[in-house]
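Under the heading ATP binding site, Swiss-Prot lists T157, S158, N297, T298, Y299, G300, P301, T302, D389, K498, citing sequence analysis as support. For D202, V306, K498, the entry in Swiss-Prot reads D-alanine binding site.
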Amino acid sequence: MTTSIIERIDAWAEKTPDFPCYEYAGTRLSYKELKRQSDAFGSFLLKNLNTDKEKPIIVYGHMSPLMLVAFLGSIKSGRAYVPVDVSMPVERIEQIKKAADPSLFICTEELPSNLTITGCPVLTQDQLMDALEKHFGEVPDKEACVKNDDNYYIIYTSGSTGNPKGVQISQNNLVSFSNWILQDFSLSQGLRFLNQAPFSFDLSVMDLYPSLLSGGTLVPLDKTITANMKDLYREIPAQNLDVWVSTPSFADLCLLDDNFNQENNPGLIRFLFCGEVLAKKTASELLNRFPDAVIYNTYGPTEATVAVTQVKVTREVIDAYPSLPLGVIKPDMRLHIVDQETGEVLPEGEKGEIVLIGASVSKGYLNEPEKTDQVFFDYKGYQAYRTGDSGIIKDGYLFFQGRLDFQIKLHGYRIELEDIENNLKKVSYIQNCAIIPKMKDEKVDMLVAQVIPTNHDFEKEYQLSAAIKNELKEFMPAYMIPRKWIYKTEFPLTMNGKIDRKALNSEVNK
């Protein structure tokens with residue numbers, strides 16, 4: 001059982017010093033090097049950063065080994081880290097920086113030319129490398145390290161106002177998650193873990209920490225590879241993976257390649273899915289292609305540390321239910337299905353809101369007490385979270401029944417539809433809009449924007465769409481930009497004067 005994340009990771013530097021903790025595209029980082037570099041960086045931070053330890057450190061970059069060094073160095077200095085991926089638009093990065101109020105902004109990659117960080121010190125990649133060299137051999141005071149209920153990481157998710165909100169995950173939260181996943185998912189020493197998700201997406205925690213805590217190797221597939229199908233299909237078998245961690249959508253992409261099978265990936269015997277609905281046909285095809293593999297379906301919001309339920313997806317499970325179960329709750333957690341209006345706990349078989357209680361639940365949103373109080377509460381001395389997800393329990397399994405609000409999952413990313421709408425309304429060509437999810441195989445397939453445009457001079461609708469998307473890309477991530485655009489002169493309204501979203505949904509999902 002792990003009680004300290006850092007102590008257990010550092011222990012591998014003694015047990016297997018030369019074993020790679022990270023390996024990709026010719027770049028290799030051993031456990032000994034990870035400890036030495038994170039020690040050096042932790043020492044640098046303790047000597048040079050005199051601000052309040054409650055203020056986190058933003059770590060900007062993609063999937064380089066320097067990200068791991070910066071994460072662990074921050075923890076060793078007693079400060080939580082906020083991962084920010086290079087794929088984020090400048091405006092989003094600025095929003096996160098403003099909301100997090102960090103003590104330091106670390107760059108493991110070069111910042112975009114149109115982004116200027118003000119209000120806190122910035123450490124460039126060159127300065128980071130210089131700090132690692134100058135403080136090489138130094139070991140930070142263990143007492144300074146993040147511990148117990150201290151924040152360990154803060155991940156920013158989509159917020160309904162158009163501004164992201166930072167979910168605080170403590171050392172205790174992460175210890176609870178890590179112990180569960182290492183034991184219940186039978187993850188032994190020295191395995192090679194796929195890292196598909198960027199570190200700013202909490203699905204990455206499902207591969208990063210189980211890998212480091214079990215003396216395994218993290219094998220990232222960065223955005224240059226995943227953006228090119230041929231490169232992706234060539235790279236996967238070359239990585240000799242043992243453990244697959246991804247969204248179901250990424251697996252669907254890989255299943256388009258006939259060579260994605262057990263014969264070409266003989267070590268790949270565990271699949272862990274989280275972040276969105278796992279369709280039965282995806283699970284079934286994986287079992288066809290990888291007959292010796294074990295497939296786990298999991299569920300959990302960022303606010304409950306990645307995942308809190310799991311089920312082994314077998315042929316029997318696939319055949320027994322109309323949709324796949326999300327599984328059973330982890331041992332140190334409780335799960336209630338409650339009436340959304342009254343809060344009354346409902347019996348098995350009745351649909352209601354999923355409420356999570358226990359060791360995995362976050363303390364709330366950073367610097368957002370009002371938003372925290374809206375969804376987090378104390379339940380008999382335990383931290384609890386109203387997920388906004390609708391669920392039902394059958395045969396002891398949790399089943400997902402959709403969102404109670406306008407929040408959806410698309411390709412593993414949690415998105416507030418209101419967030420997209422608020423951003424669309426900033427565009428000069430848009431008077432009003434509504435975002436409708438197009439459903440396919442029990443999950444969101446794409447986002448459809450229904451738009452009332454302002455007066456414009458474009459002759460063709462595709463020209464208008466291109467102009468809108470060109471504006472949007474300046475302040476909204478690519479995964480949030482709708483794929484289909486429908487233009488209207490007016491929206492149907494409900495009796496109380498609101499946009500009739502049911503009518504719009506019926507048009508999109510005929």
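Note: Cβ is positioned from N, Cα and C throughout, glycine not excepted.
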Taking the binding-site residues one at a time (D202, D389), which has its Cβ surrounded by the most other Cβ atoms within 10 Å?
D202
According to DSSP, which of helix, strand or coil covers D202 (D-alanine binding site)?
helix
Which of the three DSSP states, helix, strand or coil, fits T157 (ATP binding site)?
strand
In whole Å, how far is D202 (D-alanine binding site) from N297 (ATP binding site) when you measure between their Cα atoms?
16
I want to verify one value. Collapsing DSSP to three states, which class is V306 (D-alanine binding site)?
coil
Starting from V306 (D-alanine binding site), work out which of the binding-site residues listed here (T157, Y299, D389) have their Cα within 10 Å, and give them in sequence order.
Y299
What whole-number Å value do you get for the CA-CA distance of P301 (ATP binding site) and D202 (D-alanine binding site)?
9
In the chain carrying Y299 (ATP binding site), residues 6 or more apart in sequence that have Cβ under 8 angstroms from it:
C274, A307, V308, T309, L326, G327, L398, F400
Local Cβ density at T157 (ATP binding site) - other Cβ atoms counted within 10 Å
21
Cβ neighbours of V306 (D-alanine binding site) where a neighbour is any other Cβ within 10 Å:
25
